[in-house]
């Protein structure tokens, strides 16, 4: 039995989790739900020794434990299965299961190790997988199962599953669930963290909901519905009234996406978008929302489908051609796929518009300075920082520089943004929203993907909800929308 | 040179260490017999030129984030052979043939790296063997020894300096202007700084890579031309240690091997520095072995310094 009692943790004085308590019995599968920023991952990190609580205690079995490191957590019998696979494809199944095992003997005894892994796999109902098989011969779902087997083989008493099904197909999810149930039947406690509420209700015995760092309730799943769960998660849900947005009959179609598919990620996506409007794609991790943007930007080498921008076909799978046709894309990974971090703010702002201040391929420094200054002003960046490396700016200002790169260009017709305000404070967020609104007013199509309900409702003229690689619903400007509606689409799927 | 200057974050330590090194060098050089003579300065520049020309080209490739080429010596050799075996058509034709050969061979490697994301190390090792093998095969292992000697003019001196020194300076200026004043040059810095971001922004990563490698190829060919003229014949081993010497000059100049940082002038400085130190050691009677050893230490020190600067900037 696992008891969590009054767990509290603050970052720089801002509480992320305050006084969270719940109990997971032996053999129980316990759901942990909450919207972005509710404190789920902070709780998970405290349970796995990645963060130390400011106060509160964790009791495993009968004794309170201090989990100061991941090793300490592992020794206390806590195992984590992350949403990202942490297995090594080049090793065998058995080697993966014993990887990083603190109980493993110094000298590997092959026969004993094989027998141990065989037993664990059998316990999970995975008779078909051989411990000597290279891991790379397994499907992604099976690899996820090996992650769970790894936790079990290391004698875990508490297994925490953090979004294990986000990238799995339904069939794969089903086999993962079957394995989880068998693991629980052995007396192991399980905490299941997921955005997929229908799955939570199907799999778990009870669910604890967090909101703003506090526990709202722990309820047996028998007494719950998806809607009830959403209400617990959101409290007073954000909403948007129909009157807030003009209908857009009179606008010309600008961006036509039809039959867009990315194997394994996006099943089928079609959307006609008008110039001057902001389109919001609402979807959780693995929903395909960000894949739509990446595919249109030419960054999915396996994408198929047709994209037209102002009646000109845009070739998919070619980022240079997409940019030439007027598509500007902003990745959700600003640091590694967005900015040129060690270069100046000025260089970053002008990176994609060199022809604007070049004559026959020769740069005109004076013109560049004029353009860079104008862009800094337009994106709300202080001019005296143009020469600083962009890495020295705050998250909000970095994002402004990133967005600013695409503004004020008459050769850009569509602005695609993946999580436009990730890692940005409230002030910066409002400023970026304003920039995007102005871009739309200037006649661009703006299409963004987000998981933040507030952002979707504030910014989206048209909101398209997605799950499992396809569209669930479309909410135009002339209907009321609220957070519960969106969450239901994003978490439960097509009814 | 640039419209939007980068504020350089040189700290006290970052300034003191190179200055101290320079002071030691000046002290050593000043007290070395015969170092401070016009002839010696001339000798230093002349010995810088051959490797220097190639190193300038290698700078563009490194800045554009393609790392290094390990096929440089072989490419220089094959261009030298083409140059010598076309002597009877006149100097201009012979140089043109050599340069076009160098550009074609090297730009092709650049295309495979830029458009198909090949690993530069692996690709250029393969290309190096292929080019070296083909050269040995076709030459039958015998030296190319032309009867017409149009190349003699390249061995002459103008205003007291060998022609190769002027070519080195010309190539340096051209590379500097390309890097700092052209669209392609700016894109080389951007691609080298963050290739993934450049791709996502729709920058022509492939084209930029090819341009850098083509420039490099022309530089290698010019080195090949001068090597051939100097030796008056070409064997398959003519290229010698050019590959690593060129890389050393670029690294000592402070260009980051990971791309995005550096300049042609720095490489020129690196090449001259290596030549000066080798010269001092030579005049003081140290063996070739010591000279090579010191070159190694110099490369290591430069790479560490560049790395420290880069990581400090990121914090």
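The backbone N, Cα and C atoms fix where each Cβ goes, and this holds for glycine too.
Some features that TrEMBL has for this protein:
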| type | residues | note |
| --- | --- | --- |
| TRANSMEM | B:12-31 | transmembrane segment |
| TRANSMEM | B:43-68 | transmembrane segment |
| TRANSMEM | B:88-108 | transmembrane segment |
| TRANSMEM | B:120-139 | transmembrane segment |
| TRANSMEM | B:159-179 | transmembrane segment |
| TRANSMEM | B:208-230 | transmembrane segment |
| TRANSMEM | B:236-257 | transmembrane segment |
| TRANSMEM | B:264-286 | transmembrane segment |
| TRANSMEM | B:292-310 | transmembrane segment |
Point to revise | Whether the transmembrane segment (B:208-230) meets the transmembrane segment (B:43-68): three or more C-beta pairs under 8 angstroms | key: yes
Review point. Which stretch, B:43-68, B:120-139, B:236-257, B:264-286, B:292-310, tops the Cβ pairs under 8 Å count with the transmembrane segment (B:159-179)?
Key: B:43-68
Review point. By Cβ distance under 8 Å, which residues at least 6 away from the ends of the transmembrane segment (B:264-286) in the same chain are close to it?
Key: 25, 28-29, 32-35, 40, 43-45, 47-48, 51-52, 55-56, 58-60, 168, 172, 175-176, 179, 248-255, 294-295, 298, 302
Practice item. Six or more residues out from either end of the transmembrane segment (B:236-257), which same-chain residues have a Cβ under 8 Å from its Cβ atoms? Key: 50-52, 54-55, 58-59, 62-63, 67-77, 80-81, 128, 132, 135-136, 139, 141, 192, 223-224, 227-228, 263, 266-271, 273-274, 295, 298-299, 302-303, 305-307, 310
